[in-house]
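Everything below concerns the one structure shown next.
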There are 2 protein chains.
Amino acid sequence: MPIRYPNGKPYVPSAKNQLASQKQKSYSNRGMTLEEDINQSNTYYLSTGKAVIHKKPTPVQIVNVDYPKRSAAVIKEAYFKQASTTDYNGVYNGRYIDFEAKETRNKTSFPLSNFHEHQITHMQQIHEQNGICFVLLRFSITDQVYYLDASHLFTYWNTMKDGGRKSIKKEDIEKQGILIPYTFQPRIDYIKIIDRMYFN
Amino acid sequence: MPIRYPNGKPYVPSAKNQLASQKQKSYSNRGMTLEEDINQSNTYYLSTGKAVIHKKPTPVQIVNVDYPKRSAAVIKEAYFKQASTTDYNGVYNGRYIDFEAKETRNKTSFPLSNFHEHQITHMQQIHEQNGICFVLLRFSITDQVYYLDASHLFTYWNTMKDGGRKSIKKEDIEKQGILIPYTFQPRIDYIKIIDRMYFN
């Protein structure tokens, strides 16, 4: 049986990305997903004492569990639940960090359909509590990752809800966001951006 | 089939607690578990814009998923994983909040067996990042909930690892911790304690 994402789409290791990255600079994405790159970065931050950021477990509604004698409980029936928060959170220098990571194969804009209403609501709540809240947006064809403060995302989201554009133009992300160059360790050094924006 | 906790213990609605609480002051625990009380408090904090604190989903290792046509994916085989962090985290006033909640039926001390090594390690990492980190300890017989800063827990944990006591004496919790009286809304107002300790 092929491995699939929770949304049912089959997981296909991306050979195209590998090719694309070989043409680019040395530390670019070697067929790793954005999630893998972020997990590697978080592991690096944790092991070096730089920050403590974890990915939240996938929320699952458990319906039926079997308790065999002398062995571990087996979940026999469960369903994927929609997350009510973002995927990543943690602490850096006492401050609360919260973000979502998304990628697109689109070249000229980032579709807002990558986000759900409840995630935007969550990010607004975090913003109001003075948490550091942002999104990491990856253009997978050109293998570029941008840091975009959540406040910008709220503006585009509200415009869409008022009947406007359903995506963010790449040129706007280039202006309002910050390109994060791939590095060896961590792969995506988003804490460096946070340092520059909040601690200098 | 009876409902059970992930550790296999059957869930028994506690009639004894209900009786105990009726003898006590008005807002004491009416047979609710500590988790239910905290969830209610977090919902209250969220709806009033006071703080954004969520319980993390139970981590589950998914082994087999069925994708029926025209209906939701069904997880057919999965196992409970041990969490590598605490159960609750979030943001208050920009600061990172992280805690674990545990209860005991013991009257005179709180057994350290309620915690796992990896949870202590996680709390130490949070502490080093200047996050606000604590435990909520409930003595279920007397229906008392204490806020205890994680730094105290580390001391008891290290003593135990050096061959010392395997529990924290209740009198020490009374001295070093802070009793949180039950209130109507939120049920357990731990943010009030944080306010007093960090924002005054």
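Cβ coordinates come from backbone N, Cα and C, glycine included.
Quick look at what TrEMBL annotates:
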type	residues	note
BINDING	B:THR85, B:ASP87, B:GLU100, B:GLN119	Mg(2+) binding site
COMPBIAS	B:15-28	compositional bias 'Polar residues'
REGION	B:1-28	region 'Disordered'
SITE	B:LYS102	site 'Transition state stabilizer'
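Structure with TrEMBL features highlighted.
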residue	record	contacts (Cβ under 8 Å, 6+ apart)
B:THR85	Mg(2+) binding site	B:LYS56, B:ASP98, B:GLN119, B:HIS122
B:ASP87	Mg(2+) binding site	B:LYS55, B:LYS56, B:PHE99, B:GLU100, B:ALA101
B:LYS102	site 'Transition state stabilizer'	B:LEU34, B:PHE110, B:ASN114, B:PHE115, B:VAL135, B:LEU136, B:LEU137, B:ARG138
Members of the recorded positions set B:THR85, B:ASP87, B:GLU100, B:LYS102, B:GLN119 whose C-beta sits under 8 angstroms from chain A: B:THR85
8 Å Cβ shell about B:THR85, B:ASP87, B:GLU100, B:GLN119 centroid, Mg(2+) site members excluded: B:LYS56, B:ALA83, B:THR86, B:TYR88, B:ASP98, B:PHE99, B:HIS122, B:MET123
Helix, strand or coil at B:GLU100 (Mg(2+) binding site) [DSSP, three-state]: strand
Cβ neighbour count within 10 Å of B:GLN119 (Mg(2+) binding site): 21
Cβ packing number for B:GLU100 (Mg(2+) binding site), 10 Å threshold: 24
